[in-house]
Amino acid sequence: MTNASVALPSCTVISCVSPVRQQRRSVCIKCCLQQNSVLEELKSLGVRPKKSLGQNFLVSEAVLSDIVNAASVQAGDHILEIGPGLGTLTDRLVKLGATVLAIEKDDLFAKHLEKKFLEVEQVAVVHADVLAVRQLPEMIRTFQPAHGAKVKVVANIPYNITSDLLSVLLPMRQVIESLYLLLEKGAAVRLTQARPGDKDYRAMSVILGLYCQARLCFGVSREAFHPVPGVDSAVAEFNLHEQLDKRVEEHEDDFVAFVSAAFSMKRKTLINNLKSWNAASLPNVVSCLDSGGLSPQIRAEALDVSAFIALYTCLRVHHISRK
Ligand SMILES: C[S@@+](CC[C@H](N)C(=O)[O-])C[C@H]1O[C@@H](n2cnc3c(N)ncnc32)[C@H](O)[C@@H]1O
């Protein structure tokens, strides 16, 4: 059995033979050990990673360290981990003295994790689809430390739930302080860097501006995973604002629906898109755009979050909301 925790220089490249596939690859010693231990663990469980659940396991010690450093994980932190898989990142978080709430959808991995961390008081495993946990805010509130500090989310998530997961977690500023997510690189760049006028600027860019400060932390090579995915990854930080802009605080869901409607058809003007939000509002949209010095022909991708909030606030003055 290999031991991935042996202290070795991180960048010495060797020719690594997988014990399962009998294939040879050039990787660093630490990755080789970690990769082989992941492969052996999968083999002992008799499972093949499922594409449908985005199961690409981290096999790079260096990336694990970079993630926990980016999140400044320290003893006493309470961390929500989504998709713990074999528990590699969970293990690292526990070693740093954090307490972990780990939510795993896969039946077999959830059982495996329950056994693996049975004796570890700092880990609670929840067998569930994170997107289907109705009482997620309450569950996180119960998990918060006694002194009420907020929770950090640190996770290597399946790429296909990125938007849905952000939509679920971003509004939870009462219980969550920040998110550190390992994402598909293109998505990480888009989510953290798109600005008004860019081709990647979307409704989610505005929604992110409402809820948080987003930052691209670092890129991660596809070689850091088993199986190796078809794309590179990156870690992104989402630091949630403690308070929402007062003007939308009481109409948060309606504002999000307003922004989403404004972007619904890429080629249409903002006004035409807003018909699906409230068709009767259009004369008011024209006058609110005008009072903000904006053309009635403007498209959603030209407006930043402040312009959206100003436009929405103007419409609320006319008692207009979603119909
Ligand atoms: C990319 S793997 C990461 C595994 C592990 N954290 C690692 O870094 O090696 C994603 C994990 O999320 C789990 N998963 C997929 N969809 C999920 C969902 N909706 N809710 C909770 N876990 C999910 C998968 O079963 C898998 O274990």
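Just so it is clear, glycine is given a Cβ too, placed from its N, Cα and C backbone atoms.
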Per TrEMBL, what member of Asn36, Asn156, Asn160 joins Asn56, Leu58, Gly83, Glu104, Asp129 in binding S-adenosyl-L-methionine at one site? Asn156
Would you mind pulling the DSSP three-state label for Glu104 (S-adenosyl-L-methionine binding site)? strand
Fewest other C-beta atoms within 10 angstroms of its own C-beta: which of the binding-site residues Glu104, Asp129 fits that? Asp129
Which one of these binding-site residues has the most other Cβ atoms within 10 Å of its own Cβ: Asn56, Asn156? Asn156
